[in-house]
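K.L.:
Pasting in a structure now, in structure tokens, and then I'll have a few things to ask.
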Amino acid sequence: MRLGPDPSSYSQPDLVKIQHIDLDWNLLDVSDINIESVNVKANDCEVPLKFQISDTVPDIGSKLTIDLPTKTDGELILVIYYKTSPNASALQWLDAEQTSNKNHPFMFSQCQAIHARSIVPCQDSPSIKFTYSATVHHPPELVALMSAIRVGNQTGITKFEQKVPIPSYLLAIAVGDLYSKQVGPRSHVWAEKNVVDEAAAEFSDTETFIQTAEEICGPYLWKVYDLLVMPPSFPFGGMENPCLTFVTPTVIAGDKSLVDVVAHEISHSWTGNLVTNANFEHFWLNEGFTVFVEQKIIGRLRGSQYRDFHALHGLSELKDTFKNQLKNEPELTKLVVDLSNVGPDDAFSSVPYMKGSTFLRYMEDLFGGPTIFELFLKKYLDQFKYQSILTKDFKKYVYEYFNEKIPERLEEVDWDKWLYSEGMPVVIPNYDTTVYDTCKKHADLWSIATTADIKISPVIREELSSIQKIEFLSQLLDKSEIRDLNEAKIVLMAETYGFDNTKNSEIRFRLMRLIIKARLTDRFDEIFAFANSNFRMKFVRPIYRDLGEWTVGKPLAIANFLKVKDQMMKVCAYTVAKDLGINI
Ligand SMILES: CC/C=C\C/C=C\C[C@@H](O)/C=C/C=C/C=C\[C@@H](O)CCCC(=O)O
Ligand SMILES: [Zn+2]
């Protein structure tokens with residue numbers, strides 16, 4: 001059953017729209033979920049209103065219906081008194097033991113896609129945008145941060161204001177023992193004390209990324225761009241919360257080799273946060289555009305070869321998604337998906353990211369190249385800023401903009417195929433493969449040659465950068481057969497490329513998958529040490545999935561998962577359990 005224009009929400013934006021939310025949050029108050037009263041405010045008095053809460057629908061939640069006064073033209077101020085549940089799916093509460101410094105508890109939120117409803121009764125659909133202000137009461141020794149500008153701070157009370165309208169999934173809060181270091185004129189890095197210095201060093205290019213993004217997209221409208229380094233249980237690489245990107249500690253590699261995640265989150269300041277998908281079926285409008293801009297930033301700063309390498313690496317990731325995560329769900333390999341009967345967390349994959357950015361790159365090439373397409377991009381972002389749109393709005397704008405200029409090129413785009421066909425992108429652009437080919441040469445060697453032959457091959461004398469090592473491992477994992485894939489070969493590989501000492505989580509992740517592919521039963525401790533060191537879903541889900549397909553690995557994986565699942569955020573525990581085929 002489809003709930004309405006947004007299949008993941010009961011909100012009825014055609015009838016009523018939230019314009020501003022004023023939060024007064026008392027933290028650490030985690031009694032059962034309970035709406036105590038709903039009142040309408042008039043002349044400084046609060047008059048109670050009738051309300052009903054429907055039964056809970058899985059993946060969606062319940063519908064809160066408020067009987068508004070009969071005269072409802074114009075604006076109404078509603079005051080809702082409520083308490084959140086300790087199980088609120090948007091929140092994770094960590095004991096001091098689960099933090100880096102182990103001195104104080106930590107709490108944080110992750111509202112995307114549809115978890116804001118577990119912390120605020122709201123119209124939880126990205127089709128509705130509102131400004132917000134908040135007063136957060138918290139333990140005085142801790143720091144509270146939100147996806148907004150801090151406007152006041154006294155012992156135990158912090159006030160915030162977000163004056164740019166946002167969709168509910170961008171509401172965010174974190175409270176912990178946090179310290180900050182300035183890394184740019186509008187940016188601080190926030191982290192626990194023992195992490196803040198190395199994090200600030202890793203993210204010292206933040207201002208360069210913002211300025212490059214401004215060149216491409218227009219002025220940065222959110223005033224502040226801070227980064228908060230999350231505890232390792234944060235389930236994503238980064239989350240584009242306005243004014244305060246949340247970032248996983250797994251991108252701190254010590255050599256800036258994984259900071260593309262920051263370029264990605266900065267790009268969201270336009271694509272996603274200003275121009276927003278109206279529902280999550282059109283998530284590619286957020287993520288495909290963001291990867292496209294991220295790759296442009298990389299191209300500007302490191303050269304077009306690297307822009308193309310990034311895109312080719314994205315296609316390797318996409319192939320892996322099809323072969324593993326989505327092998328039984330071809331419907332979800334479409335660019336625009338049907339979420340009438342699927343929760344957004346279940347539908348989430350690399351498809352909107354990689355297929356979406358490939359579609360835009362295809363159009364850029366077809367319509368005359370970067371100079372022409374970037375003018376269009378800037379106008380598109382300006383035209384739809386502060387709005388929520390569907391793919392048809394984008395398509396209509398493409399026609400309006402290009403129809404006079406290049407009508408014949410426009411006719412070449414097979415929109416239906418790009419948007420609704422399953423599998424790989426319709427056209428693979430003509431990328432520069434120089435950087436990629438080196439990775440391929442290494443992957444081909446290691447898959448075909450014996451360990452003895454590899455030792456004397458000139459290929460392995462050639463130095464690979466960290467990102468090339470990541471792609472090399474991705475390609476190797478994609479091979480249906482690897483000659484003599486055993487302990488000796490993996491030891492030689494680790495020595496050759498310095499895998500044993502690397503702090504690069506993307507490399508370690510793929511090495512663990514290779515060890516599983518090699519069925520090395522002596523290496524379970526190492527695999528589980530990695531799987532328990534962080535709960536970023538990009539890493540833990542494929543590892544559990546791979547183990548789940550190995551008769552010896554599966555029971556051990558289930559036992560390990562059951563041991564640590566309560567330390568995971570709900571979305572992570574839920575999806576891993578699903579991947580392992582167990583109920584929790
Ligand atoms: C077609 C898919 C439909 C809806 C999915 C929307 C949201 C799903 C939900 O699970 C939240 C996703 C949040 C993502 C945040 C950041 C990502 O860019 C991280 C990507 C993976 C990583 O790097 O760890
Ligand atoms: Zn993103």
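Placed from the backbone N, Cα and C atoms, the Cβ positions cover glycine too.
The model shown is predicted, which means the values in this text are computed figures rather than measured ones.
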K.L.:
Out of Glu281, Glu287, which one does TrEMBL list together with His264, His268 for Zn(2+)?
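P.N.:
So the Zn(2+) site in TrEMBL includes His264, His268 plus, from the candidates Glu281, Glu287, Glu287.
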K.L.:
Whole-number answer please: how many Å between the C-alpha atoms of Gln110 (peptide binding site) and Glu265 (active site, proton acceptor)?
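P.N.:
That comes out at 15 Å between the alpha carbons.
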K.L.:
So which of Gln110, Glu240, Glu265, His268, Tyr353, listed as recorded positions, have a Cβ under 6 Å from an atom of ligand 1?
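P.N.:
If the test is a Cβ under 6 Å from any atom of ligand 1, the answer is none.
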K.L.:
Near His268 (Zn(2+) binding site) in space, meaning Cα within 10 angstroms, which of the recorded positions do we find among Gln112, Phe236, Gly238, Tyr353, Met537?
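P.N.:
Near His268 (Zn(2+) binding site), where near means Cα within 10 Å, there are no recorded positions at all.
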K.L.:
Could you measure between His264 (Zn(2+) binding site) and Gly238 (peptide binding site) for me? Cα positions, answer in whole angstrom.
P.N.:
8
K.L.:
Check the Cα distances from Tyr353 (active site, proton donor) to each of the binding-site residues Phe236, Gly238, Glu287, Met537 and keep only the ones within 10 Å.
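P.N.:
Neighbours among binding-site residues, in sequence order: Glu287.
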